[in-house]
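Colleague: Copied straight from Swiss-Prot:
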ACT_SITE  Cys85  active site, nucleophile
ACT_SITE  His181  active site
ACT_SITE  Glu183  active site
BINDING   Ser235, Gly236, Gly237, Val238, Asp239, Ser240, Ser241  ATP binding site
DOMAIN    8-207  domain 'Glutamine amidotransferase type-1'
DOMAIN    208-400  domain 'GMPS ATP-PPase'
Amino acid sequence: MSNIHDHKILILDFGSQYTQLIARRIREIGVYCELWAWDVSEAQIREFAPNGIILAGGPESVTADNSPRAPEYVFNAGVPVLGICYGMQTMSEQLGGKVIQGVGEGEFGYAQIELQTTSALFKSIEDAVSAEGKPLLDVWMSHGDKVSAIPDGFVTVAKTATCPFAAMANEEKGFYGVQFHPEVTHTRQGQRMLEHFALDICGCKANWKPSSIIEDAIERLKKQIGDDEVILGLSGGVDSSVVAMLLHRAIGDKLTCVFVDNGLLRLNEAEQVLEMFGDHFGLNIVHVDAENRFLDAMAGEAEPEAKRKIIGRVFVEIFDEESKKCANAKWLAQGTIYPDVIESAGSATGKAHVIKSHHNVGGLPADMKMGLVEPLRELFKDEVRKIGLELGLPYNMLYRHPFPGPGLGVRVLGEVKKEYCDLLRSADAIFIEELHKADLYNKVSQAFTVFLPVRSVGVMGDGRKYDWVVSLRAVETIDFMTAHWAHLPYDFLGRVSNRIINEVDGISRVVYDISGKPPATIEWE
């Protein structure tokens, strides 16, 4: 088996919002990479032994005092280096070039660069050709400062009307700088540039693929766990489901999954989880029906944060009780993924990301004397989904819209009662079913129903009814940091509303939430 970590790229983070996207793009090429703070030590780089280094973008100005710099060793490590945006500017400045502060003439958004010479980074890439016969590329810019003089040994590879050095290269050393962002989809050929860098220039092999990741994870789990037993909190969500399947492959019936039904799940969700993992895949599952315990604990509480804390506390209590029954379990498995491990924090400047020692996702008791098993901690969410498919989990489950940890506890506004949860479950199921029927489910990023603790007058037949109100919510987003409300067709919304009011006894009115994020959040609570 080829070692999937043998060929790898190191990405140094200077604080750009796109840095994780660079890592995901490199992984998509099939090459392993890690994301580290810009102020990493020479010893750490030597130990990691990357085949190439990428200097990512960032919000700082190279011209400012004490702005972040790449470690000098980066340029003496004998491996290719690619500087992106701020990364190009600091490369240029550190190697003897010049950077000037932008004064009202930065480039933000779409731009077209004109290639001036051939380069390994841009081999056989063009979107159009200029009148003079030079290749043109559509790219995405986001910079104020710019390079005004390139270092000795470099050549100008590309320019724009306002940026004389949109790309530079020292082919002999394998140093490249681009002022634009190849990692965003607006740069049409960006992925091909990153492929050229990782595969051709750095010489990496594309070993990082789902089947190899699974093989490697199983081998490492067997080595870590040996003949011990493992306990896992299985929620039915993507991360815990994939962890369950990996562990089942690695250690079989030495895995015990604890599934806690808190009464705050979607319609028939508990039955689906038990059927899929218990009956179909044959995992050892302990089913805890704790609906009354959760609802009793939340009785009378209307404040969202307090509800979240109660739900978290009761889950921990139950999991602790169940883990004590598994006396032989030496390991606790968690669905920690790579973005959980990368945490914005204070290095010397407060401008870097640091790596946590571990991320205790469930907030489990500190006195649980178990080792931690986190087989997904190197993976991004999209990678977790891909290996889930490879492990045989259904597409519809892996690519379902996000569901909050506290479940319906934060989709029932105010106090949570069984009656409200039951009404909400039924209404939400109709909304989701109709989205699938209309082929709209995968065209929105997230859709759900919210129960409002207000009654509204309605008319059914000749009678007057005074029942509850629900709101439909659907959004479109790329990163969930900002979102637009989804412009669903009126006839579709009318159909959903009619079905809910006619089929769910207790709901008299349906409204549609047309708030964007910001100012509103995606979830109501």
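Residue 1 is the first one shown; counting continues down the chain.
In case you wondered, yes, glycine gets a Cβ from its N, Cα and C as well.
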Colleague: For Ser240 (ATP binding site), write down the residues of its own chain that are at least 6 apart in sequence and whose Cβ falls under 8 Å from its Cβ; none is a fine answer.
Modeller: Leu232, Gly233, Leu234, Gly335
Colleague: Of the recorded positions Cys85, Val238, Asp239, Ser241, which sits closest to His181 (active site) by Cα distance?
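Modeller: Going through Cys85, Val238, Asp239, Ser241 one by one, the closest to His181 (active site) is Cys85.
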Colleague: Determine which residues of the same chain, besides Ser235, Gly236, Gly237, Val238, Asp239, Ser240, Ser241, have their CB within 8 A of the center of the CB atoms at the recorded ATP site, and list them by sequence.
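Modeller: Apart from the listed residues, the neighbours are Leu234, Val242, Val243, Gly335.
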Colleague: When a 10 Å sphere is centred on the Cβ of Gly237 (ATP binding site), how many other Cβ atoms does it contain?
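Modeller: Its Cβ has 15 other Cβ atoms within 10 Å.
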Colleague: To which of the recorded positions Cys85, Val238 does the lowest count of other Cβ atoms within 10 Å belong?
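Modeller: Relative to the other recorded positions in Cys85, Val238, Val238 has the fewest Cβ atoms within 10 Å.
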Colleague: Check each residue in the chain of Glu183 (active site) that is at least six apart in sequence and keep those whose C-beta is under 8 Å from its C-beta; list them in sequence order.
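Modeller: Those within reach of Glu183 (active site), by Cβ under 8 Å and sequence separation of 6 or more, are Tyr18, Leu21, Ile22, Arg25, Ile84, Gly190, Leu194.
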Colleague: Check the domain 'Glutamine amidotransferase type-1' (8-207) for me and report the mean pLDDT.
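Modeller: 93, rounded to a whole number.
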Colleague: Between Gly236 (ATP binding site) and Cys85 (active site, nucleophile), what C-alpha distance do you get in Å?
Modeller: 40
Colleague: Can you tell me the three-state DSSP label for Ser240 (ATP binding site)?
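Modeller: Reduced to three states, the DSSP call for Ser240 (ATP binding site) is helix.
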Colleague: Quick one: pull the CA-CA distance for Ser235 (ATP binding site) versus Cys85 (active site, nucleophile), whole Å only.
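Modeller: Ser235 (ATP binding site) and Cys85 (active site, nucleophile) have their Cα atoms 41 Å apart.
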Colleague: Under 8 Å between C-beta atoms and at least six apart in sequence, can you list the same-chain neighbours of Ser241 (ATP binding site), or say none if there are none?
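Modeller: In sequence order, Leu234, Ser235, Phe277, Gly388, Leu393, Met397, Leu398 meet the Cβ cut-off.
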Colleague: Over all shown protein chains, what is the count of other CB atoms within 10 A of the CB belonging to His181 (active site)?
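Modeller: Summing over all protein chains shown, His181 (active site) has 23 other Cβ atoms within 10 Å.
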Colleague: Per DSSP, Ser235 (ATP binding site) is which: helix, strand or coil?
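Modeller: DSSP call for Ser235 (ATP binding site): coil, neither helix nor strand.
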